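Colleague: Next up is a structure, given as structure tokens.
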Amino acid sequence: MDVLAEEFGSLTPEQLTAPIPTVEEKWRLLPAFLKVKGLVKQHIDSFNYFINVEIKKIMKANEKVTSDADPMWYLKYLNIYVGLPDVEESFNVTRPVSPHECRLRDMTYSAPITVDIEYTRGSQRIIRNALPIGRMPIMLRSSNCVLTGKTPAEFAKLNECPLDPGGYFIVKGVEKVILIQEQLSKNRIIVEADRKGAVGASVTSSTHEKKSRTNMAVKQGRFYLRHNTLSEDIPIVIIFKAMGVESDQEIVQMIGTEEHVMAAFGPSLEECQKAQIFTQMQALKYIGNKVRRQRMWGGGPKKTKIEEARELLASTILTHVPVKEFNFRAKCIYTAVMVRRVILAQGDNKVDDRDYYGNKRLELAGQLLSLLFEDLFKKFNSEMKKIADQVIPKQRAAQFDVVKHMRQDQITNGMVNAISTGNWSLKRFKMDRQGVTQVLSRLSYISALGMMTRISSQFEKTRKVSGPRSLQPSQWGMLCPSDTPEGEACGLVKNLALMTHITTDMEDGPIIKLAGNLGVEDVNLLCGEELSYPNVFLVFLNGNILGVIRDHKKLVSTFRLMRRAGYINEFVSISTNLTDRCVYISSDGGRLCRPYIIVKKQKPAVTNKHMEELAQGYRNFEDFLHESLVEYLDVNEENDCNIALYEHTINKDTTHLEIEPFTLLGVCAGLIPYPHHNQSPRNTYQCAMGKQAMGTIGYNQRNRIDTLMYLLAYPQKPMVKTKTIELIDFEKLPAGQNATVAVMSYSGYDIEDALVLNKASLDRGFGRCLVYKNAKCTLKRYTNQTFDKVMGPMLDAATRKPIWRHEILDADGICSPGEKVENKQVLVNKSMPTVTQIPLEGSNVPQQPQYKDVPITYKGATDSYIEKVMISSNAEDAFLIKMLLRQTRRPEIGDKFSSRHGQKGVCGLIVPQEDMPFCDSGICPDIIMNPHGFPSRMTVGKLIELLAGKAGVLDGRFHYGTAFGGSKVKDVCEDLVRHGYNYLGKDYVTSGITGEPLEAYIYFGPVYYQKLKHMVLDKMHARARGPRAVLTRQPTEGRSRDGGLRLGEMERDCLIGYGASMLLLERLMISSDAFEVDVCGQCGLLGYSGWCHYCKSSCHVSSLRIPYACKLLFQELQSMNIIPRLKLAKYNE
């Protein structure tokens, strides 16, 4: 007791016995959060914002089209809206369409974009409503989608899976995802050093009208402004003078009056002096001479150089800082701040980190589509203007009606092409990106879900730079630390963590007003001197200077109180930067943020009472935000906060509490049980393999006709689950089976991670899978009124039965469901006309069109069964026939399996059950795994999973293996002992071969195993004779073309090294492309059938065997006027 008293001496007994306040059920906030935000909601929210808000802004910015030909004519957009997805049945008859129908019929799931316009026709003014101008592909589960707000029963009627995440598009029947794109944030000053170590600052400005980049460079201690519209760098002082700050003293005051700042800025002032520039006019003239001449189209009054320079400064340099009526005050201060930052960075080498995640913005589908739509809409309008300019001046009967000239396909095709190819090349925004969209991978439910949270950074994969690839501390909680691919894309492709939310743009008007009320002073009212006082902080809003504040701490705390009370949007963040003396307020889109519980007076604001109300359904997540119990923090604001991971680590400085620590992992890493007991790269491997595991795709998987679909015949829930598994509904659509594993060495076939499988388990369906492939064909109509036909099967003349190739065809020429189909058998006996174009005048064409056979045949080494045949029509009104082919495969030697800990292995041996070892309760293992896989891999999580699984089976309950928590090993082992098993999880095992007990106890229990998509049947390839290439007469290459295996240059060198010359001859010529060739001994050229065309004789012609490729090379060289001659000599001389 005395020792205790010394330790807790200062505390009273009452304080000692008071319980630490813990919120037991606080993880219940997660499902509530995931209902409203997170995972796929990012894409959906962003798309909704685009089609409900952003598209109207784009229309407002380009609302009027006028023509130079007729000043009276105009076209004005009054409103624009996106409708509901539909499909045109016949001319002008539409009906609503479901996503599943678009998938089956290879159509685009899109909705009409309609506008209300007002325009002139002749002298009258006309208003037209609901005029379609194109079609917009619709994201599934967005506000305009058919599936929004439906019950599970209605989902079933629409053939959709209620667990399907949505957030993707269906374009031409293919599911496409727009990946999240990572960008450096716009409108922020970034100070960095170049390769030589010179410090400079750069700003990428971006507004709705213009995008440009401005650089501040230092050369020989002088400061210059660099911009691509200027032909050379311009001294910074001249820029200040051109903006109207003519006195040197005021310039220095703006930049800073400290000694070292003034010393650093001195040379720049002298340079301006040398250039003899003192007034604003002189400065503007100097800049005007340095402007790059743009080719001006069309007339228009020529601007003087001074006007041109002033325009340039106002609108192009630092575009995002607004200039009203040439009042350059704000822009001057911004430029001064840039100079000051560079000077300070030179002094103490504090350059910004480009990889810091607060400097990054993520672009979502909505932002990318809005850029694309803006580009297409402007093109559409300029096309209209062009037509108006052409048509109005012409004399004709009817008046010019612009509606007749609106081409709908322009916007439609632009959207569809961009999404289906993934190429966003918009000249207008200097944007050229490939691979923005990807096909949604439907290998398993997890691969589809994991694709929704993927972030792609626009960085060349080829450069081996470690900076952008490494794990940044600022990514904590925002990005998953484990889920990134291995290889060249490592660290460039990232995934969001479980609770991350990406913000969308917000109106900044209210924030500006509020800041003014909280004591932010306008910059225009201050002299330069006041800006560099030590207690004056600059206030930035989204990169623009808002004003200055004397008491920044009060501003920040009041601002946060207002946000918690719900007066400001919950996603606005405010943070201070003490080194640069700034307060940053951000309300722009693309910032990463996540929710935290607020801590007041060392107690979390959320209590157990709140959690009970949540469980009973009185509260939802929004209520927690409004009552200031939970708030969102972004990366920059996290730096000002002190966040505790658990309740018992809260101290007096703590401001927030983490909701659940396991949410800093993403979707794929969340499936791993006990990941905190594994070596880090193992979790990364599992993240990649979990996406390749076969299982279930969705409740509608039997109705889908995909190009390739792998399904497990009997998937099971994992015995050891995690909180994440429940949150993302993995146990409703699992991918894997609980296998009983014995960790022991058995035979020599389990070396290097190979597994030994039990034949009896395979017979009972362990690891059995279905492989579905599809074959499809379209029957088109051609321009000359001919069309494709399907012919009936061809009958054998003698037996009056169909020939073998047509055995499985029905009378209509299409294969019948349920039939077994072998290689080279015909699935659809289609024939097409020989002439499909309209014939030329005067050419004789047979009256009756002639047909040639183009059958759709089955290609595959193993037989398949026809599951079903679908006949429909696609968007072009061509007939569409889709067949689904099925194979059932049982595991065989060489198939790949993996546990959930990155322990992959192939099946090395299949043993009959009577030879397998068994434990004393008579259980035989399904899998025997070699124990050498554990020590070097350090996957302790797998050992614990086996224990927890075993205890769970005996107890009849599921154990949790959640990251940083989960069931304790001690408790699990005590459960085992209670049921009469060994505390260590080891069993007494009898050998199946000798019937004697094994000399060691064997670690024995259930582990969740995944069957991966890599199967031997799809990879095995060998050939003796087979097809050859036409040009070189060598065997073709590749498994699909039944090609040969190439003996390359290195293999050739090896054989030369061994001196095996006959083997070389046999491999490189005789077995490849031997060719008899005639050579003339006199001139050394190739002859033909015993005659030399050059010597005009057959006296000296001999016959040789050389590779055909060699003969081809000689002839190709001859065609280039290089003549290789073959010298012949007698063999025996």
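In case you wondered, yes, glycine gets a Cβ from its N, Cα and C as well.
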Colleague: If I go by Swiss-Prot, which of Lys186, Lys196, Lys717, Lys882 binds RNA at the same site as Arg213, Gln438, Gln692, Lys896, Lys904, Lys1019?
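Modeller: Among Lys186, Lys196, Lys717, Lys882, only Lys186 appears alongside Arg213, Gln438, Gln692, Lys896, Lys904, Lys1019 as RNA-binding in Swiss-Prot.
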Colleague: For the feature zinc finger as recorded in Swiss-Prot, pick the matching range from 232-247, 440-455, 488-503, 1080-1095.
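Modeller: From Swiss-Prot, the annotated zinc finger range turns out to be 1080-1095.
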Colleague: If you take the centroid of the Cβ atoms of Arg1039, Ser1040, Arg1046, the listed DNA template strand site, which other residues of that chain have their Cβ within 8 Å of it?
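Modeller: Along the chain, the qualifying residues are His1021, Thr1036, Glu1037, Gly1038, Arg1041, Asp1042, Gly1043.
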Colleague: For the binding-site residues listed here (Arg195, Lys904, Lys1019, Arg1039, Arg1046), which one has the lowest count of neighbouring CB atoms within 10 Å of its own CB?
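Modeller: Across Arg195, Lys904, Lys1019, Arg1039, Arg1046, these binding-site residues, the one with fewest Cβ atoms within 10 Å is Arg195.
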Colleague: Which one is it: of the binding-site residues Lys186, Lys1019, Cys1080, whose Cα lies the shortest distance from the Cα of Arg1039 (DNA template strand binding site)?
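Modeller: Considering only the listed binding-site residues, the nearest one is Lys1019.
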Colleague: Taking only the Cα atoms, work out how far Asp753 (Mg(2+) binding site) lies from Ser1040 (DNA template strand binding site), in Å, as a whole number.
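Modeller: Rounded to the nearest whole number, the Cα-Cα distance is 29 Å.
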Colleague: Please report the three-state DSSP label of Cys1095 (Zn(2+) binding site).
Modeller: coil
Colleague: Given the binding-site residues Lys186, Gln692, Lys896, Lys904, Lys1019, find the one whose Cα is closest in space to the Cα of Cys1080 (Zn(2+) binding site).
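Modeller: It is Lys1019, whose Cα lies nearest.
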Colleague: Just counting, how many other CB atoms are there within 10 A of the CB of Lys896 (RNA binding site)?
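Modeller: The answer is 20 other Cβ atoms.
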Colleague: By Cβ count within 10 Å, point out the most packed of the binding-site residues listed: Asp432, Asp753.
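Modeller: By the 10 Å Cβ neighbour count, Asp753 comes out on top.
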Colleague: Could you check the binding-site residues Lys186, Arg213 and say which one's CB has the fewest neighbouring CB atoms inside 10 Å?
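Modeller: Among the binding-site residues Lys186, Arg213, the sparsest Cβ neighbourhood within 10 Å belongs to Arg213.
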Colleague: Have a look around Cys1092 (Zn(2+) binding site) and count the other CB atoms within 10 A of its CB, chains all included.
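Modeller: Taking all protein chains shown, Cys1092 (Zn(2+) binding site) has 22 Cβ neighbours within 10 Å.
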Colleague: Can you tell me which of the binding-site residues Lys186, Gln438, Arg1046 is spatially closest to Cys1092 (Zn(2+) binding site)? Compare CA atoms only.
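Modeller: So, spelling it out, the nearest of the binding-site residues is Arg1046.
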